[in-house]
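**Student:** Pasting in a structure now, in structure tokens, and then I'll have a few things to ask.
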Amino acid sequence: LTGVLDDCLCDIESIDDFNTFKIFPKIQKLQERDYFRYYKVNLKRPCPFWADDGHCSIKDCHVEPCPESKIPVGIKAGSSNKYSKAANSSKELEDCEQANKLGAVNSTLSNQSKEAFIDWARYDDSQDHFCELDDERSPDAQYVDLLLNPERYTGYKGPSAWRVWNSIYEENCFKPRSVYRPLNPLAPSRGGDDGESFYTWLEGLCLEKRVFYKLISGLHASINLHLCANYLLEETWGKPRWGPNVKEFTRRFDPMETKGEGPRRLKNLYFLYLIELRALSKVAPYFERSVVDLYTGNGHEDAESKALLLDIFRDTKSFHMHFDEKSMFAGDKKGAQSLKEEFRLHFKNISRIMDCVGCDKCRLWGKLQTQGLGTALKILFSEKEIQSLPENSPSKGFQLTRQEIVALVNAFGRLSTSIKELQNFKVLLQKTR
């Protein structure tokens, strides 16, 4: 897998080097920080599109939520600055294992800023959302420790999993049903069609619709890579051993096994990486302001977390072959706005399909990664609002909730891991030849 990617002026080797030596080690560290490891998610929302198939009964599908007693009052307060000194000194917090480390919003703000934050929280920016967001106030929404619930192979497959991806591609990727979409590398071809008619059609699409397809395909490739890299290799005496499965990787990505489809998917993974990398470089000014704090209640750790995040932003800005999002939606104003809205609604629909995933662990990571990508798209389409942010107060024009920040960083962390795992598979494949 080498050379320049389509629809941008960037080559795969440059991304590999940049990710391996600059981004991957830092993003790994950042994901281990208390601020980024806890994600609130509702895994009980019903599927809005078809009758539920029932949940996966395989034990590896299970997600272990954080017990209520372990979640500090500060983080439970959400993103609207309800963290107070009274709550901080309560008995409930003393009983909490990591109470002094966790929180949601910096409590050391001026009264003016506090009022602005409350006003800010009331502001409805749903028109900017590319995702169907979980209601954090729902009794079914729970905090999950992402470090204790890693994304890996669970055994969830078959008709239920197939229907989710089929619905995503067939109904949401701007594709007429007459065009064959080789969804699964193992799916039999229809007649003599080797999938080339699909790519001929794809090349005839406008840039925006091609980009949309590549984002979804890249996300699919990334998820498949995680499953191959963290596969249940054996389980003896109740002790599971997880690791890379070369045979599974070959089955999903080898050019011969997939009729040339695998490498195309992997290129789309790199394309998705570039899109989210661009979003991180664009959102840097939002976090560079002193008013934004990655507040957990531990001053030393908070300062380190923010310094590490800003360091990552500096790296993203230094990358010299970014995707140029200005080339998107650049036609006549009315047509461009209409296409952007269509783009947003299609992606929002995909985020709703994640509630149809039968395996809880797959649903958790599917929701997080679609929300992360949705947040990246929101950032890319909000450049003017980000550039005009006030230095010392929140802004109604653009804001990110803690959930969006956690999803953005962890979703990009997954892509960074995918590209690193791809390098590992290349080495393992060379050893088996």
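Including glycine, each Cβ sits where the backbone N, Cα and C put it.
As annotated by TrEMBL, disulfide bond applies to Cys56-Cys61, Cys96-Cys131, Cys359-Cys362. Residues or ranges marked as FAD binding site by TrEMBL: Arg152, Thr154, Trp165, Ser217, His220, Arg252. Per TrEMBL, active site, nucleophile is recorded for Cys359. If you look up TrEMBL, you'll see Cys362 marked as active site.
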**Student:** Between any two of Arg152, Thr154, Trp165, Ser217, His220, Arg252, the residues recorded as binding FAD, what is the biggest Cα to Cα distance in Å?
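**Tutor:** Largest pairwise Cα separation, rounded: 21 Å.
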**Student:** In the structure shown, which of the recorded positions Cys61, Cys359, Cys362 has the fewest other Cβ atoms within 10 Å?
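**Tutor:** Each of the recorded positions Cys61, Cys359, Cys362 was scored by Cβ atoms within 10 Å; lowest is Cys61.
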**Student:** Rounded to an integer, what is the Cα-Cα distance in Å between the residue listed as 'active site, nucleophile' and Cys61 (disulfide bond)?
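**Tutor:** Answer for this pair: 5 Å between alpha carbons.
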**Student:** Thr154, Ser217: which of these binding-site residues has the highest Cβ count within 10 Å of its own Cβ?
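**Tutor:** When each Cβ's neighbours within 10 Å are tallied, Ser217 tops the list.
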**Student:** Given the binding-site residues Trp165, His220, which one is most crowded in terms of C-beta atoms within 10 angstroms?
**Tutor:** His220
**Student:** Can you give me the Cα-Cα distance between Arg152 (FAD binding site) and Cys362 (disulfide bond) in Å, rounded to a whole number?
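**Tutor:** Here the two Cα atoms are 8 Å apart.
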**Student:** If you count, for each of the binding-site residues Arg152, Arg252, the other Cβ atoms lying within 10 Å of its Cβ, which residue has the minimum?
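**Tutor:** It is Arg152 that, of the binding-site residues Arg152, Arg252, has the fewest other Cβ atoms within 10 Å.
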**Student:** When you put Cys61 (disulfide bond) at the centre and draw a 10 Å sphere around its Cα, which of the binding-site residues Thr154, Trp165, Ser217 have their Cα inside it?
**Tutor:** Thr154
